[in-house]
Amino acid sequence: MARLCAFLMILVMMSYYWSACSLGCDLPHTYNLGNKRALTVLEEMRRLPPLSCLKDRKDFGFPLEKVDNQQIQKAQAILVLRDLTQQILNLFTSKDLSATWNATLLDSFCNDLHQQLNDLKACVMQEPPLTQEDSLLAVRTYFHRITVYLRKKKHSLCAWEVIRAEVWRALSSSTNLLARLSEEKE
């Protein structure tokens, strides 16, 4: 029984290895599932009705043209997605959120992001990209604007609700980018 279990574990690890290491570094299926789960949990984290924070809405200038660029190479896209995921994780693990979110949902969301980040890091190590600094700078500048906004709004519940919705849109864009890259591969 122990040998069978060990054999099955090796098969699982090899299937993960081959999916991550194949030509073009295909992200494991778990990445897409984690992304969908993160979007669902982020939606569940809503604490206020959308209309209650209209006065706090702001256009943070999500760099969609940099993230979903038709000319972006897969290796560059992986790097941009990794940075986007890392910035979201940094935002939702900051000390300034205290009791803003339900702890169980926040943990679930952050765990999904950690898993996605690990998948993306494995791909970056497999296929070092030709860095596209302007894309990375655009993502970092976007998150800097979000951080400044939160500070200016003193991390209010409405400000965090606006950010939650903004991050949901950013994650949705990353899902669209991955879908497009997958279609191009086929």
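Numbers run from 1 along the shown chain.
From the backbone N, Cα and C atoms, a Cβ is placed for every residue, glycine too.
Here is what Swiss-Prot says about this protein:
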SIGNAL    1-24  signal peptide
DISULFID  C25-C123  disulfide bond
DISULFID  C53-C158  disulfide bond
CARBOHYD  N102  N-linked glycosylation site
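Straight-line distance linking the Cα atoms of C158 (disulfide bond) and C123 (disulfide bond), rounded to a whole number, equals 36 Å. Most Cβ neighbours within 10 Å among the disulfide-bonded residues C53, C123, C158: this distinction goes to C123. The Cβ of N102 (N-linked glycosylation site) has M45 as same-chain neighbours under 8 Å, each 6 or more residues away in sequence. Across the structure, C123 (disulfide bond) and C53 (disulfide bond) place their CA atoms 39 angstrom apart.
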